[in-house]
Amino acid sequence: MGSRGQGFMLGCCLLLAVTWGPVLSLVPRVQEEQQEWEETEELTSPLDHVTRPEETHKRYSPSLREGLPTSRCYRCCDSNPPVYQTIPPPQINITILKGEKGDRGDRGLQGKYGKIGSTGPRGHIGPKGQKGSMGAPGDHCKSQYAAFSVGRKKALHSNDYFQPVVFDTEFVNLYNHFNMFTGKFYCYVPGIYFFSLNVHTWNQKETYLHIMKNEEEVVILYAQVSDRSIMQSQSLMLELREQDEVWVRLFKGERENAIFSDEFDTYITFSGYLVKPASEP
């Protein structure tokens, strides 16, 4: 090797010494600071894990950041922060807790009336009350009786119009409810009455009469033409109101119509009486 080769080797050695000298001098310092940082980390409580790694690195190795060359980057970081399991806050079941009884509140407003309920069962009979005082005298009661029975001793023949049968003999006429001049019974005591009519037919003539209530034909008494005369009767019950009229009517002369009687015997009778007054229950 010549002098040129030796000079080249010497230049290379000087270049290496200049370049790596500062770096090699920092290695012991980095190792000391790293050991010191590990000892400090062991003494740190678990809550320090939440500290940012950059702050920890700056705190424990400030000289390293200042001494390293600006052309290279060195970073020391902690491991990932621990994951803590989220525990839900405790809940209290207030339905099982019972507090002290409060004060009575104010009375509220009256509500609306409800619907009418069904009728309840009949109650027990109460005790008998005391006897009351005597009342004032009442009105005089009306007569609760009515009866009549009348007869006719003259024969009657039909003509061109209807004829009321008028009677000339009075057997019973209680309180004069039967009018002998008109031949009609007038009701003064409302109620139920019984009436009967008896006549004697005429030979070879028809017998045709009606028992009338006011102007209404109620029942008929009828006998056909016959060679022999006979007694014929009709009866019924009527419910009358006050001022109703009951009478006997002979049919008009479209056909030969007659009833027989004479002055020696009474062949025609008309009777009636009150069975039950309307005022009685």
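Using N, Cα and C of the backbone, Cβ positions are placed for all residues, glycine too.
According to Swiss-Prot, the feature compositional bias 'Basic and acidic residues' maps to 49-58.
For 99-140, the entry in Swiss-Prot reads domain 'Collagen-like'. The average per-residue pLDDT of the prediction over the domain 'Collagen-like' (99-140) is 82, rounded to a whole number.
Under the heading domain 'C1q', Swiss-Prot lists 141-281, citing sequence analysis as support.
Under the heading region 'Disordered', Swiss-Prot lists 36-64 (among others).
Residues annotated as region 'Disordered' in Swiss-Prot: 107-136 (among others). Long-range contacts of the region 'Disordered' (107-136) within the same chain, counting only residues at least 6 positions beyond its ends with a Cβ under 8 Å from a Cβ of the stretch, are absent.
If you look up Swiss-Prot, you'll see 1-25 marked as signal peptide.
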Within the domain 'Collagen-like' (99-140), how many residues are helix, strand or coil going by DSSP?
0 helix, 0 strand, 42 coil
